[in-house]
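Shown next, in structure tokens, is the structure this report addresses.
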Amino acid sequence: MLFVLDTMVSAADTTQISASSFFGFMGVTMALVLANLGAGYGTFKAGAGIAAIGIWKPEIIMKSLIPVVMAGILGIYGMIVAVLLSQKVKNPLEYSYKSGFAHMASGLCCGCSCIAAGFAIGIVGDVGVRGNAQQERLFVGLILILIFAEALALYGLIVSLILSQS
Amino acid sequence: MNWGNPYDWTAVEWQSATWGERFMYIDPYFWSYFGVALALATSIIGASWGIFVTGVSLLGSTVKAPRIRSKNLISVIFCEAVAIYGVIMAIIMIGKVQTIESYPENQMAQCYTTALFGGYSLFWTGVSVGLSNLICGIAVGVTGSGCAIADAQTPETFVKILVVEIFGSALGLFGVIVGIIQCSGASFLKDCL
């Protein structure tokens, strides 16, 4: 099935068969699934570090949960974009190919940014909590790096929201 | 377009369509929006890769040398700049995509090829910007990692290795410059209404 420019028929023709919703729903799924993959990676990688240090320094476990919380936020970004897009994807009779591709790109932007940010948060969080257990002065540096990593997902969310308006 | 509007083609026409025709009727909007997604997604993957590579070395070395913590955050900021290049290019490229409302009957081929031109230019702009930023982020990250470890041992090396990082971040700038030139000609509405 090829993706013929649907404005080659007149704009008023609403009887055309098209596959535009395929790409719209692909955007919904990619946003959610990839963001959750990133959130999951961040959670388990940082969680392994917390489990390792919690054995011999249990009093800093609650402070060390920050990477896990920040990774969870990525899943929320994915859910926001997925819910937003799923309300815009309609029946192919009313949904142009252009909107379908724009929503596909929107989902891919959010999903890929969140998975990248999740990897960064997980790996930095793992090493950071292990180091923080040995050196208290590390905490501020860890938080700053985690904030920079979270900002990546935010950039993806912003471009996603701009694309979803197309 | 030997047989009229390809939307009306039946299986008979598609059976004898050439590969060129099949490729040509892939929607230009697919190419443009996929280029936007590639530009952003690969830039952010590069930035994130750089952040975690440099972050682990920074945090690991700070355990034994806490003085290096704040100075070496500049490597993380260089990686973040790569992500911002991706966002800037994505927003520029989204601005280039316009909706074609209708086709002038006698100028259909011209209008469609202008749209194809726009689509192809945006797709390859996305690839160039995205892949340049990907490698730039990794380069800055690995260099920053070495910088943190060296700084922890010998403080004089910090500024010298920072110069290497600046050379690395120039790669992302090359990507943005070429990207802006590459997508400058994309105009969906030039020959259409």
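FYI, residue positions are counted from 1 along the chain as it appears here.
The backbone N, Cα and C atoms fix where each Cβ goes, and this holds for glycine too.
Because TrEMBL annotations are produced automatically, they should be read as predictions rather than curated entries.
Positions annotated as domain 'V-ATPase proteolipid subunit C-like' by TrEMBL: B:34-93 (among others).
Summarising the annotation, TrEMBL assigns domain 'V-ATPase proteolipid subunit C-like' to B:124-181 (among others).
Taken from TrEMBL, the feature transmembrane segment covers B:30-60 (among others).
Sequence annotations record features per position, and here TrEMBL assigns transmembrane segment to B:72-94 (among others).
If you look up TrEMBL, you'll see B:122-149 (among others) marked as transmembrane segment.
Per TrEMBL, transmembrane segment is recorded for B:161-181 (among others). Using a Cβ-Cβ cut-off under 8 Å and counting only residues 6 or more beyond its ends in the same chain, the transmembrane segment (B:161-181) has close neighbours at 39, 43, 74-75, 78, 81-82, 85, 88-89, 92, 125, 128-133, 135-137, 139-140, 143-144, 146-147, 150-151.
Outside the transmembrane segment (B:122-149) by six or more residues, the chain places 31-32, 34-43, 45-54, 56-58, 61-62, 68, 72, 75-76, 78-79, 82-83, 85-86, 89, 93, 96-97, 157-158, 161-162, 164-165, 168-169, 171-172, 174-176, 178-179, 182-183, 186 with a CB less than 8 A from a CB of the stretch.
Confidence across the domain 'V-ATPase proteolipid subunit C-like' (B:34-93), taken as the mean pLDDT and rounded to a whole number, stands at 96.
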